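What Swiss-Prot lists as L-glutamate binding site is Arg43, and the listing cites sequence analysis. The pyridoxal 5'-phosphate binding site annotation in Swiss-Prot covers Ala77, Thr78, Trp103, Thr153, Asp173, Gln196, Asn238, Thr239. Residues annotated as N6-(pyridoxal phosphate)lysine in Swiss-Prot, with sequence analysis given as evidence: Lys197.
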Amino acid sequence: MNQTIFNFSAGPAVLPHVVLEQVQAELLDWHGSGMSVMEMSHRGPEFMKIAAEAEQDLRDLLDIPANYKILFLQGGATLQFAMVPLNLMRGHGKASYVQTGIWSKKAIAEARRFTAVEIAASNEDRHASYVPMQADWQVSPDTAYVHITGNETIGGVEFDFIPDLGDIPLVSDASSHILSKPTDVSRFGLIYAGAQKNIGPAGLTLVIVRDDLLGHAPANTATMLDYAVYAKEESMHNTPPTFAIYVAGLVFKWLKQLGGLERMAEINARKARLLYDAIDESRGFYANPVETRNRSRMNVPFTLADAAMDEAFLKGARSHGLIQLKGHRSVGGMRASIYNAMPEAGVQILADYLRDFARQHG
């Protein structure tokens with residue numbers, strides 16, 4: 001294919017081209033070992049080196065304190081919706097959740113299988129278009145933890161602050177914005193993220209958890225759902241997703257070579273500005289429903305003034321090499337996911353196309 005394709009999928013999502021090239025070059029023979037990474041024993045010295053480097057590079061990128069464990073798990077963020085309450089209740093009678101969209105609702109529904117859930121705040125009063133300020137939250141002092149969804153992938157709503165909860169552990173689903181900017185990990189009790197948006201291929205789930213929150217799962221908790229098991233055995237209780245860890249490790253190295261998360265944050269801010277400016281300047285031809293301070297830098301949903309033009313818009317986008325722009329099935333419209341690996345050039349082409357299409361059809 002001669003045309004450059006820019007993939008705006010929400011996940012699995014675009015990976016850095018240089019990472020894909022390295023994967024291709026090493027696919028049949030990793031570093032002269034005579035093996036593909038896919039063929040390696042997860043306990044062999046070759047893969048142990050890959051895993052150790054991936055963990056250290058991630059620790060460096062996020063400046064993760066020594067009293068936090070990094071776990072490489074499976075099951076996606078959806079499994080974390082259950083693992084979090086299973087492991088973090090610690091004898092408390094309830095957990096608190098901030099409801100900001102579809103994914104936080106899913107986390108709430110799953111948590112209710114295991115404990116009482118207190119809705120500390122909700123944005124449904126304004127059609128899930130903002131993040132409630134912490135001053136408006138109602139959090140019981142005896143709650144086990146407070147859970148937030150840092151970025152709602154479908155609604156395009158992103159937190160613009162880290163809540164200060166004192167001694168109450170803060171838990172964040174960071175699946176779609178992890179590594180997009182510097183983050184003070186010490187402000188959180190636990191962070192989890194499915195890999196397939198900003199980390200690497202599907203199949204890997206990342207958990208960063210503070211040491212004091214380990215070891216509290218009920219005695220009858222299934223072994224594979226206990227964080228302490230993975231922490232004790234360095235994510236090797238059973239065979240981990242080896243190839244996904246390998247690719248994630250390459251992405252971590254790419255981020256470090258780029259200049260780290262401060263540099264990545266600058267690039268992401270520019271990319272998001274390109275799209276939101278094109279939407280806002282369209283005089284209503286396009287609309288994004290999210291309040292400005294909470295507009296996601298990673299997922300930009302928008303609608304056309306006339307939904308009858310959606311198919312023409314998507315067809316035209318495809319002719320420009322812009323794919324996977326159709327919105328989530330639950331909300332319709334369009335969505336451009338512009339994760340770390342999406343080149344700025346691709347976002348510029350999309351912004352130009354938005355303006356051209358509006359001129360032709362407005």
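Here the Cβ of each residue, glycine as well, is placed from N, Cα and C on the backbone.
Everything Swiss-Prot records as a feature, shown here on the structure.
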{"residue": "Arg43", "record": "L-glutamate binding site", "Cβ neighbours (10 Å)": "9"}
{"residue": "Ala77", "record": "pyridoxal 5'-phosphate binding site", "Cβ neighbours (10 Å)": "24"}
{"residue": "Thr78", "record": "pyridoxal 5'-phosphate binding site", "Cβ neighbours (10 Å)": "15"}
{"residue": "Trp103", "record": "pyridoxal 5'-phosphate binding site", "Cβ neighbours (10 Å)": "22"}
{"residue": "Thr153", "record": "pyridoxal 5'-phosphate binding site", "Cβ neighbours (10 Å)": "27"}
{"residue": "Asp173", "record": "pyridoxal 5'-phosphate binding site", "Cβ neighbours (10 Å)": "28"}
{"residue": "Gln196", "record": "pyridoxal 5'-phosphate binding site", "Cβ neighbours (10 Å)": "24"}
{"residue": "Lys197", "record": "N6-(pyridoxal phosphate)lysine", "Cβ neighbours (10 Å)": "30"}
{"residue": "Asn238", "record": "pyridoxal 5'-phosphate binding site", "Cβ neighbours (10 Å)": "12"}
{"residue": "Thr239", "record": "pyridoxal 5'-phosphate binding site", "Cβ neighbours (10 Å)": "10"}
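Across Ala77, Thr78, Trp103, Thr153, Asp173, Gln196, Asn238, Thr239, which the record gives as binding pyridoxal 5'-phosphate, the greatest C-alpha separation is 30 Å.
With respect to their backbone Cα atoms, Thr239 (pyridoxal 5'-phosphate binding site) and Lys197 (N6-(pyridoxal phosphate)lysine) stand 23 Å from each other. Secondary structure from DSSP puts Gln196 (pyridoxal 5'-phosphate binding site) in coil.
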